[in-house]
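Some notes on the structure that comes next.
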Amino acid sequence: MCTVCGCAEGETRIEGEHHHHGYDHGHHHHDHAFVRRPAPAEAAPLVVEGLNLHFGQGPARAHAPGLSQSRMVQIEQDILGKNDRYAAENRARFEALSLFVLNLVSSPGSGKTTLLTKTIELLGRHRPLAVIEGDQQTDHDAARIRATGVPAVQVNTGKGCHLDAHMVGRAFEQLEGLDGGLLFIENVGNLVCPAAFDLGEAHKVAILSVTEGEDKPLKYPDMFHAADLMLLNKTDLLPHLDFDVEACIAYARRVNPDIKVIRVSARSGEGMGEWLAWIERQRGARLRARIDALRAQAQALEALL
């Protein structure tokens, strides 16, 4: 997992940005030449149940050859601590612009981009919209977004398997005129690493297609625990599949009892109205919370007069 080893330095490419050699992109990179081999007592506990091997049982909840559990925990704290500082900066910038930001996460092939383009079409031009698009390579998805008339900045992560808050902050610098608008961050297709990385978003939205299997929330619990909403996508295919919708929802709520679930299909239009209504409700709640905070600040200042 990326919180253990970090991602390849110098791989990130952001459209519209001049390349800066040696730019610190927000990840911690340890030098394997100086890693001490752990003593057996420090190694990741291995739990064996029949033919099942469980390596994620130690404090780090992961295993990396040559790294002790304590060292892995320290690396994770360093990486996520640095990322969280960038995320806080992003969140402050977004809030200053009254910009509502969603982080769309899923496995590859879940239909994120198709769902996003349909969402953009249905939202219309009532307020500013933009997309930050994450992929390891190519700008294919960003081109699809731009075809709708909405600006999109492509972030290529190279060997990196997720976006981090520093990448998003740099990509956001390429966008303008988003006051009071919506920003969608389409993360790299990956149900593991993006779960741990706050990008400064208001909500993580997990997209699970009915072609993937109903037990995905149990196999990748961190992602569904981190998400506030699960979009059960490609429901138009259900007549052709052996997919247990109720079991899938139950699994998601076993991991995260508070997760909201909406069944959607960009092709048939099922659930799209409910999805858009959820966006509007959450955006409104965010704005009202900010108004209340500003009023409280104003009252505190008035008390000083």
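Numbers here mean position along the shown chain, with the first residue as 1.
Backbone N, Cα and C atoms are what each Cβ position is placed from, and that goes for glycine too.
Feature annotation from Swiss-Prot assigns Ni(2+) 1 binding site to Cys2, Cys5, Cys7. Annotation source Swiss-Prot lists Zn(2+) binding site at Cys161, His162, Cys193, citing similarity to another entry. Positions annotated as Ni(2+) 2 binding site by Swiss-Prot, on the basis of similarity to another entry: Cys161, His162, Cys193. Per Swiss-Prot, the feature region 'G-domain' maps to 101-262; the stated evidence is similarity to another entry.
Neighbour density at the Cβ, taken as the number of other Cβ atoms within 10 Å, is lowest among the binding-site residues Cys161, Cys193 for Cys161.
Taken residue by residue with DSSP, His162 (Zn(2+) binding site) is part of neither helix nor strand, so it is coil. Summed and averaged per residue, pLDDT over the region 'G-domain' (101-262) gives 96.
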